[in-house]
């Protein structure tokens with residue numbers, strides 16, 4: 001604890017005195033008494049003197065100013081400490097700061113029996129509340145130096161003095177530590193002879209709150225005689241920082257109809273001043289509300305916590321009746337516990353009144369009308385609804401359902417996301433002749449469920465009357481496609497079938513006429529009245545217009561409507577094969593060397609355009625009437641191939657060998673083809689057929705080609 005009277009110096013000791021510009025040791029600037037003990041009364045009475053403080057700057061106390069750590073007290077010019085209002089609890093400790101242009105000092109008031117309110121102010125300033133530690137021989141005992149931040153010029157300014165009455169002659173004081181010879185350097189210095197400690201510039205507590213210095217005495221050679229001992233410099237906080245809101249933007253949401261007292265959001269500001277002092281003790285209030293309807297006080301903010309809550313009745317918090325569902329609040333945070341001397345900072349809180357589904361959608365009318373042509377699909381009518389809820393939410397978005405009148409699933413309804421209308425569509429073509437009228441019952445609901453006390457009423461259903469318009473539909477062939485089977489080559493004029501087309505417009509009693517639409521080979525005609533189809537040419541299965549033995553033709557059925565409508569029917573004619581194509585051989589040219597040891601000439605193959613059984617097995621023969629038997633021979637290889645060979649070598653020349661091939665049809669068909677054989681001179685691997693007057697084909701090449709053809713079968 002600090003001494004209540006003048007400091008007593010003992011021989012052989014060093015003590016730090018809290019002085020300011022004290023040139024005369026007989027006058028010590030500062031409070032005459034630095035520590036007071038006050039019993040906690042039942043109540044501090046407004047303007048009633050509590051105690052008297054005596055301060056002197058040794059210069060006449062010109063412009064003396066007092067500051068009290070609690071906003072509920074003040075010091076009058078005569079030094080009397082009084083309460084500004086009746087108050088019961090003020091904490092455990094108060095501090096009084098006195099300042100003139102020449103000196104300043106701090107006094108401590110201990111409230112005996114007081115309760116800590118916001119943390120110990122004693123801890124704030126780190127006052128040593130104990131008696132000086134007994135020192136061993138030649139130990140240095142010091143007390144901390146208290147320096148308010150943001151002091152004004154002039155500098156350097158004396159802030160204390162180190163006194164050593166037993167210091168050897170010629171010895172000096174030396175000061176070290178952070179702020180002296182360590183960064184930030186040069187803030188503090190000591191008069192090596194007098195021990196006066198001074199500060200060279202103003203301090204910022206928010207940058208460095210305390211400095212740990214060391215004092216020692218040294219001889220003329222710089223050798224330490226005593227110490228070092230710690231000297232703590234404490235920077236006293238001044239209210240030099242405004243509260244700031246650092247976490248914005250601040251956006252809160254509250255559901256419409258919420259009970260009074262519903263918490264919306266919390267606003268928290270930051271003050272860089274000492275959090276253990278009133279300099280950083282914040283209080284919140286609402287400075288402005290926009291808009292100010294239906295009440296200028298829709299919300300309240302807890303002055304200490306910063307919680308924003310609703311204060312109006314749930315009925316006033318109705319989003320659908322509010323001028324604007326968005327409120328902007330100017331929130332002010334003020335330090336010094338909200339006293340007028342406190343600094344302020346502001347921020348904007350945006351509060352959105354969120355919608356809940358407390359309004360059911362309602363059709364704008366009970367009945368809707370629609371017309372649609374039979375056979376058409378697509379949207380036929382848009383059903384309109386009204387909903388007072390927020391269009392950006394599922395409480396407004398509509399969902400439509402057809403609940404009656406759609407057994408064939410011919411209709412569907414979907415929501416237009418922009419307009420919220422129900423788009424009723426035909427998805428399966430309607431038939432006027434089956435039903436000319438349809439009636440649908442449709443209900444509408446929201447995507448989100450309604451609140452418990454709201455339900456869907458009669459206005460959430462509507463009736464749609466749909467009229468189907470008759471259109472002239474084209475006749476329909478039955479069956480389609482139509483299929484018949486006939487032999488090819490039947491006689492011209494043969495009747496294939498009589499087509500049948502009916503008019504869906506059974507109530508209009510129209511007549512139908514027929515015509516040929518597509519007949520690629522030009523083989524058919526149709527009676528326009530009765531639809532009989534007959535042939536106008538021979539039907540040929542081998543025609544390029546026939547695919548896989550099927551010939552396709554299209555016919556039109558045209559009704560007598562205005563305008564007339566047309567239907568298309570398909571006729572598929574399957575043609576049965578008859579043996580009307582003779583087989584043919586390949587190849588028809590061959591070569592052989594005049595001195596060949598292998599007398600095989602060529603392998604012949606046969607083909608037929610008809611189908612089995614009117615094709616193979618084929619019979620190969622040499623037409624003997626014109627060729628001597630002793631020169632040529634033909635031998636069967638399989639059902640489709642035969643080998644032609646020589647019976648002896650022949651001279652170089654061209655020969656024509658008639659080959660007769662016959663198919664297996666009933667009756668069979670025969671074809672005679674000349675096989676041209678060139679006998680060539682083959683010397684030294686050179687084949688010369690020029691003398692034969694024919695193209696150059698080696699017998700070996702022809703035979704190889706024939707074998708290849710045989711292998712493919």
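Cβ coordinates are placed from backbone N, Cα and C, and glycine is handled just like the others.
Note on TrEMBL: of 110-132, 133-155, 156-178, the range annotated with the feature region 'Disordered' is 156-178. If you average pLDDT over the domain 'Cadherin' (246-363) in this model, you get 94. Secondary structure by DSSP for the domain 'Cadherin' (147-245): 0 helix, 48 strand, 51 coil.
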